[in-house]
Every structure is written in C-alpha cells, then in structure tokens.
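> Quick one: structure below, then a few questions.
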Amino acid sequence: MIDDPSSESTDVNLNEKNLDGNATIALPPDSESSVNDDNVDVKDREVAGTEEKKEKMLRPLIAKVPVKEAADVCLSFSGCGFLGSYHFGVVSCLLKNGQPLVSKVSRVSGASAGSLVASLFLLVPDKLNDGLNILYEMADELNSLRLGAMTPGYYLNEKLIKVVDGFLPEDITPLQERLHISVTDHKTRKNKLLTSFTDRKCLIDCLMSSCYIPIYSMGFKGEPPCIDGCHYIDGGYSNNLPDFEDMRTVTVSPFTSVADICPSDDKAFFEWNMTVGSQHVSVNMSNIVRGAQALFPPKRAILQDYYLAGYKHAFRYLQANEMLKRPEGTSI
C-alpha cells in the first residue's frame, strides 16, 4: 500500500523530469469531500475493470496478452472532461512507480481531456503539475459562475487550451506517429485518429478538436475546428477510449468499465452495460454522477480526490501485473 500523505497545500506537486525516471511526487491532501468512486477514500480492493470473461468479449484479442509480456505498449486515456484529474493521477503514479511499464510505451492515445494528458505525458512530463493546476483553476472559475460553461461570453475551449498551450514546445517531433488523437468528423460522425502534425499550431488545433462539444465549448455560434478542410468535434462521440488491435493497450478511464485502470463499484443485483463512443461502461448511479461531474465540475477538493483515486488505481494495477518498481528507499 502507498501512504496517504497530507499537506497544507491544496496544489498537487509533480516534479517528474522525464519519462526515464528519478521523478518525485507529492500527493494532494486528504479531503473531507467524497466521490462515490470506491468513495474515493478508495477501498483496498483489486481494480482492473470488470470480469476477465467480459473483457475478452469486448476488447481486441491482443488484450489477452499479459502486459508484462508485451514488447510494446500503448497507453490510452478516455475522454472524461474535468475528471481528467484522474488521468493526471494515473500518469503521476506510472512515472514514479511504473518504469517497467513506461519503458514499453511506444504509443499514447486519448480522446478529449485524455488527449491533453497524453500530449503532456509524451512531450513535457515535468509540466504535468502545471497543466493539472490550470484544470483546477478552470473548475474554480466555472463554479463561481451561475450558469457555468453556458454563461454568455464564456468559451470553454479558449480556457481549456491553457492546459497545454503554455507548455508544449515548438519541436513536436517526439510525438509524430506516437500520439493518436481521437476526433469525430462533424459531417459523417465517423472516428479518425490523428497521428501526424505539421507544426505546433496543428497539434493544438487537433487537441482542441478532440475536446470540442458543439454549443457547450464555444457557444451557439461557435464552429468546430477545421483541420485540412474537415471540421472535427470531440472524439468521445465516436471513440472515447481507443483500444488497438496491433498493440497491447493499457486503457485508463475514471468510469467503471472494462478499462485496465478504472474504478470498481459495488455491483448491483442486475449489472447493466452500455456503449458510449465505443467505450463499454457500467450503468450505475456512480457513473451517472461521474458523467455529470465531467461536464459540470465539482469543487476542487473532489477533483483532487479523483487525482488520488487515479494514482492508487494505477499503483494497484502495477502491483497486480508485477510491474511495480518503487524509487529506492521508498516504503510500500
């Protein structure tokens, strides 16, 4: 088990310097707020999606390959709006405790908020803390507005771009063909994975396309971003959690689902599942609450709880798959 450190600071302090290790991290303080996601006090139980049999039915055959035996691995982050703090927690844990897994990563994919985390992870992992704090600040601002993101004159995508815009370098060569951004063709509603970017501006446009929700993101008169003559909207409409057939994919989602790293809710007498943007998720009250919080952010303390949940779920995934490597001198 990892210890639950406490701190007077409300900001999460990540200082990962690169993907190759020697990273340090300070987790957010315990909060009195409660998210019904293992109650995000996070009960100590195995978290690896739903039953193995169901996962084999809903995922590509290559998902049967133990991640420890895979030569190359893809990390895939679902679309989840403001619950992207969960992804930040997962990535922070992997960078600190999962170098055996991180060293195998040759591809990273994401939809919507997941694509933002994916881009920071690949290019500037030392800036993850900055991106996370901007996400928190956005939530604080929206909670101060009576109509939230629907406030006249408030354009969410203009704010959301700040999560990455101030940190991504001009040289984006390291992510060419490695970053897969899920977007939806506005006209055909078909999915497309964008993997090649002419320059930094093109990358930003692709990321904003993956996050663009009509009306919600840029108001009633807003138009979806245009890339190479095509208008694209949120990747969550068509493929909310890319899962590849040619590479073992470690899927991450803050929703109870068949993802590798995700919450595990108490099962109801009848367990229902549904497909949302090609992602198979459980139908329960906890996921309904999460869906609402993804678009209408809860208070910062609850988003910090999601961060902590992501960290702990990733930690247990590493343990279960024998890929945990703690920094020297750190107790488990």
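Using the three backbone atoms N, Cα and C, a Cβ is placed for every residue, glycine included.
Grabbed the feature section from TrEMBL, which reads as follows:
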REGION    1-41  region 'Disordered'
COMPBIAS  7-16  compositional bias 'Polar residues'
DOMAIN    75-247  domain 'PNPLA'
MOTIF     79-84  motif 'GXGXXG'
MOTIF     110-114  motif 'GXSXG'
ACT_SITE  Ser112  active site, nucleophile
ACT_SITE  Asp234  active site, proton acceptor
> Please compute the mean pLDDT of the model over the motif 'GXGXXG' (79-84).
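PLDDT averaged over the stretch: 96.
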> Across all the protein chains here, work out how many other Cβ atoms are within 10 Å of the Cβ of the residue listed as 'active site, proton acceptor'.
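The answer is 27.
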> What residues, ordered by sequence, lie under 8 A Cβ-to-Cβ from Ser112 (active site, nucleophile) and sit at least six positions away in the same chain?
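Set apart from Ser112 (active site, nucleophile) by at least 6 residues yet with Cβ under 8 Å, we have Ser78, Gly79, Cys80, Gly81, Ser182, Ser210, Cys211, Asp234, Gly235, Gly236, Asn240.
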> Within the motif 'GXGXXG' (79-84), count helix residues (DSSP H, G, I), strand residues (E, B) and coil residues, in that order.
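Per-class counts: 4 helix, 0 strand, 2 coil.
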